[in-house]
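Participant: I'd like to ask you about the structure that follows.
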Amino acid sequence: MAMAYFNLLLQKCSSFSHIKQLQANLIINGDFHFSSSRTKLLELCAVSSCGDLSYALHIFRYIRYPSTNDWNAIIRGTALSSDPANAVVWYRAMAASNGPHRIDALTCSFALKACARALACSEAIQLHSQLLRFGFNADVLLQTTLLDVYAKVGDLDLAQKLFDEMPRPDIASWNALISGFAQGSRPADAIMMFKRMKEGGNLRPNAVTVQGALLACSQLGTLKEGENVHKYIVEEKLDMNVQVCNVVIDMYAKCGSMDKAYWVFENMRCDKSLITWNTMIMAFAMHGDGYEALDLFKKLGRSGMSPDAVSYLAVLCACNHAGLVEDGLKLFNLMAQRGLEPNIKHYGSMVDLFGRAGRLKEAYDIVNSLPFPNMVLWQTLLGACRTYGDVEMAELASGKLVEMGFISCGDFVLLSNVYAARQRWDDVGRVRDAMRIRDVKKTPGFSYIEIKGKMYKFVYGDQSHSSCREIYAKLDEINLRIKAYGYSADTSNVLHDIGDEDKENALCYHSEKLAVAFGLTCTEEGIPIQVIKNLRICGDCHVVIKLISKIYNREIVVRDRTRFHRFKEGLCSCKDYW
DNA sequence: ATAGGGTTAG
């Protein structure tokens with residue numbers, strides 16, 4: 001068979017059996033050991049969706065003298081597989097093996113991609129130094145790959161340094177840095193870089209750039225910056241891109257503006273994808289708008305597209321957040337009827353749903369019946385035990401978490417809360433000791449608030465703000481007024497070994513309270529206050545903010561890591577279950 | 001013999 005014809009067939013390959021037929025053909029014609037077609041076949045088998053990596057490895061073993069490209073195909077395929085770390089192992093085998101091959105820029109590129117996926121930092125550093133030795137450092141594409149790896153493994157400073165040292169960063173280099181900042185811990189810098197790129201005039205931000213910038217806005221919850229990015233998108237007609245529209249919708253929802261999110265959803269200038277629908281349903285879920293989510297889910301069914309597992313997750317989540325237990329149960333069953341396999345998140349949603357309804361036994365049965373133990377489900381169950389004060393079930397769930405070695409600070413706090421609610425102080429002490437012995441790490445909590453287009457960040461007990469004095473004065477005032485209203489601090493949320501008065505103080509300087517107090521000092525009456533928190537809102541803060549919303553007659557919106565809490569006239573949209 | 005590789009959604 002002529003090689004050109006063979007390559008054409010390769011391009012048309014759409015199933016695994018095609019691959020095998022072509023392989024048989026190569027072998028029969030005696031071309032297997034000599035032609036570049038074999039390499040192409042190997043690549044197809046290792047990388048494409050109709051291929052099969054383990055079969056590619058099987059073929060590879062028959063190659064007497066694998067070429068650079070044969071090795072690259074294997075490394076690339078492994079980098080894309082579910083075990084990307086293995087690609088580094090193959091890279092080392094390639095470096096150690098004798099033969100006609102030499103490591104080239106592509107080899108490095110694929111191996112680095114694997115490091116990014118496997119979050120393998122030290123391996124990335126090793127590859128980086130080798131790549132410098134090989135003299136590939138002038139390659140812009142490799143520079144960008146490197147930048148991306150460092151950003152993804154969390155070393156944003158190094159990623160930025162690489163960017164700064166690039167002689168000619170192109171649009172992908174900028175995009176990699178912006179997305180890196182946005183996905184990592186520096187969303188404000190992502191927005192800054194987006195603006196610099198836009199105003200620099202050299203390179204025009206494209207569809208990829210704006211997605212990074214929008215993600216940064218969502219992380220920060222900054223509606224103002226998000227609107228600016230949206231404006232740019234419309235000006236540049238990037239809103240013809242569905243993926244961009246989806247991120248815009250998600251951004252508006254996460255910045256608290258459901259009106260704008262829905263407007264974009266309704267007025268799209270391109271066709272909606274299933275992801276568009278799912279994004280919007282998830283947005284309603286996040287805001288506790290259960291009926292809107294259910295309506296949209298029904299509309300989706302009528303639109304001609306069929307809901308997938310994510311659509312069901314979104315609408316289950318909405319039922320959950322809105323307390324629509326029966327609707328949720330029906331949907332879960334419907335999902336099975338439609339032949340969709342529930343995954344761990346669906347089960348988590350069901351556990352939450354039963355938990356919310358106080359049906360702890362049924363929640364427990366789900367967690368216990370799954371073939372693989374999963375810590376998130378036990379944590380969810382533990383949360384439900386806290387709400388309903390079920391000590392026995394709480395001990396069972398936390399016992400499982402300890403057994404799995406996955407118990408976290410938050411879990412200990414939940415268990416302690418259950419004991420505290422029953423005045424079982426010895427047990428509270430026992431939990432505290434267990435935490436100390438295990439040296440449980442606490443993720444530091446912080447909150448953002450946007451005032452007149454500027455973001456302010458608060459950490460626990462923050463005293464670094466210029467208006468610090470006013471903030472603490474406002475907190476004192478709040479404390480007086482809520483106490484007059486009959487509030488007493490729920491100190492079961494505090495685990496430190498300190499006196500009662502100190503416990504109250506420990507609670508009253510939580511970052512979300514500081515942010516709300518700051519919001520009260522510098523906004524007009526009647527203007528809603530919006531706060532973004534990186535962790536879940538604490539129980540005491542939830543009580544206090546409800547009271548503030550009543551006493552100060554303010555609508556207060558808090559986005560925590562899972563959902564929105566809308567406080568109004570002393571009540572919260574989550575109906576006190578979260 | 002040659003090209004191939006980098007940034008992006010629920």
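The backbone N, Cα and C atoms fix where each Cβ goes, and this holds for glycine too.
Source: prediction; values computed, not measured.
Found this in TrEMBL, in case it helps:
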type	residues	note
DOMAIN	A:486-578	domain 'DYW'
REPEAT	A:170-204	repeat 'PPR'
REPEAT	A:241-271	repeat 'PPR'
REPEAT	A:273-307	repeat 'PPR'
REPEAT	A:308-342	repeat 'PPR'
Participant: Mean pLDDT across the domain 'DYW' (A:486-578), rounded to an integer, is what?
Facilitator: 84
Participant: By Cβ distance under 8 Å, which residues at least 6 away from the ends of the repeat 'PPR' (A:273-307) in the same chain are close to it?
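Facilitator: Same-chain contacts beyond the ends: 242-243, 245-246, 249-250, 252-254, 258, 261-262, 265, 314-315, 317-324, 327, 338, 562-564, 566, 573-574.
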Participant: Take the repeat 'PPR' (A:273-307) and count its residues per DSSP category (helix H/G/I, strand E/B, coil), listing them in that order.
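Facilitator: So the repeat 'PPR' (A:273-307) is made up of 26 helix, 0 strand, 9 coil.
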